[in-house]
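To start, the structure itself, in structure tokens.
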Ligand SMILES: NC(=O)c1ccc[n+]([C@@H]2O[C@H](COP(=O)([O-])OP(=O)(O)OC[C@H]3O[C@@H](n4cnc5c(N)ncnc54)[C@H](OP(=O)(O)O)[C@@H]3O)[C@@H](O)[C@H]2O)c1
């Protein structure tokens, strides 16, 4: 398959880097002000080196990418709320050209699911987005395999940064601010960690799950969201004295979407530590399935993106 | 003979105000409904978080009569914490975070019981240093079987009014 990649950050660059090992070719890649385009296939090493050294991927016009030669558009621009642009416009434009779209960007799928599905119906292209929930963990693919009507509820730890902070606070009896600074030093938390610690990122993933389970109709405004900022170290200590701990849990149950810190058994399935994610699928006929693993990271997310691309081949 | 007709021993933990006559009044419904009082353990000196005195009572009665005894006790305003068999009580632990002392913790607990029909069984409190005025409490509650969701919703409502945060356990579905 020929890939056009929108976004040359951690995810876009990793997709470019790994594409050839999956047997695919990159014909275009764009960042916020530059592009590299070659219908016969780019030298991805050279493009990524250029991005690292000069900040630009190439000299081509970013606006020409969507009109170019490709089978699949990989959408890896920043997740935005509300109109979910530029990701939404990129997605719809590629569909209008009858191309497939694989998204890592959560915005369009969380905020404008129904519109995307409508565009998809009018197109020969398909839209896949396994990378948007749980990074490398094949959550949406598993739901697809089970059949969404057989999944009665989903619950999980869907943000590695928040989980890292809570695990460290519990293990070291440290306060939120202290652990956040440490997480930032380690590169686990971003300079602006708002999306992660306020629960927005986990909520977007839950909204995507709800859209998949109930065939659309949900946006971030339908989720009830509480983050972890207000949790004092003493709360984790009191929980630990009783064999419990606190995790930021996202739930889609009875068509309600909720993300909030919850008390869970310290040795329970949901009490994953560090940046791990876990998703529990409650099924109609097969009890509970637990899938865990790395929920973020360039290569991890690219692995999910490339899995989707293989499904389109 | 149906199982409902076989007398069994049940343990009930009552929480009574420290006033003369309270214990005797509380015991009335037991005889009234055909229960047989086996023993009373009065934990004098021991206080519940709301300043009540816990009393443990062993009663022999058929499950059916025992049900009636418990509901009569509750109707007369007695706090029944553990009504013997499991089906009367589901344990529930929540954390409460915020300005717990300034917002009158004992009033908060009383409101929890009043609005949720769950009883507060145990409270552990950590008061943070002055620089950071947020304190935390771990509260163990006994709720009626099948009513934990309702109890939690009520607790959230009471807490929200005082701007306190409740960290609740997983209830619906499974808790693993
Ligand atoms: N990182 C993860 O672990 C992970 C996991 C799951 C999903 N995601 C999602 O995947 C997406 C990409 O994540 P990331 O970590 O790679 O983000 P990132 O490192 O911030 O990279 C974003 C890239 O998008 C480019 N960009 C911004 N506006 C653009 C535009 N209008 N046209 C084309 N490119 C544009 C940026 O260009 P410049 O380089 O010029 O700034 C940058 O290269 C996000 O939506 C994120 O939520 C990420």
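Note: Cβ is positioned from N, Cα and C throughout, glycine not excepted.
What TrEMBL lists as NADP(+) binding site is A:7, A:8, A:9, A:10, A:11, A:12. Look at residue A:9 (NADP(+) binding site): DSSP puts it in coil. Counting only same-chain residues six or more apart in sequence, the Cβ atoms lying under 8 angstroms from the Cβ of residue A:9 (NADP(+) binding site) belong to A:31, A:76, A:78.
Residues or ranges marked as NADPH binding site by TrEMBL: A:106. In the structure as shown, the Cβ atom of residue A:106 (NADPH binding site) sits within 10 Å of 27 other Cβ atoms.
Positions annotated as domain 'Homoserine dehydrogenase catalytic' by TrEMBL: A:138-309.
Around the Cβ of residue A:190 (L-homoserine binding site), 12 further Cβ atoms fall within 10 Å across all displayed protein chains. Annotation source TrEMBL lists L-homoserine binding site at A:190.
Residues or ranges marked as active site, proton donor in TrEMBL: A:205. DSSP gives residue A:205 (active site, proton donor) a helix state. There are 30 other CB atoms within 10 A of the CB of residue A:205 (active site, proton donor), with all protein chains counted.
In sequence order, A:16, A:29, A:30, A:31, A:47, A:48, A:51, A:57, A:76 constitute the residues six or more apart from residue A:8 (NADP(+) binding site) in its chain with CB-CB distances below 8 Å. Between the listed binding-site residues, namely A:7, A:12, the fewest other CB atoms within 10 angstroms of a CB are found at A:7. The two recorded residues residue A:12 (NADP(+) binding site) and residue A:106 (NADPH binding site) have their Cα atoms spaced 14 Å from each other. Listed in sequence order, the recorded positions among A:8, A:10, A:190, A:205 whose CB lies under 6 angstroms from an atom of ligand 1 come out as A:8, A:10. Other residues of the chain with a Cβ within 8 Å of the Cβ centroid of A:7, A:8, A:9, A:10, A:11, A:12, the NADP(+) site, are A:5, A:13, A:14, A:15, A:31, A:76, A:77, A:104, A:298. With residue A:7 (NADP(+) binding site) as the anchor, the candidate recorded positions are A:106, A:190, A:205, and the one with the nearest CA is A:106.
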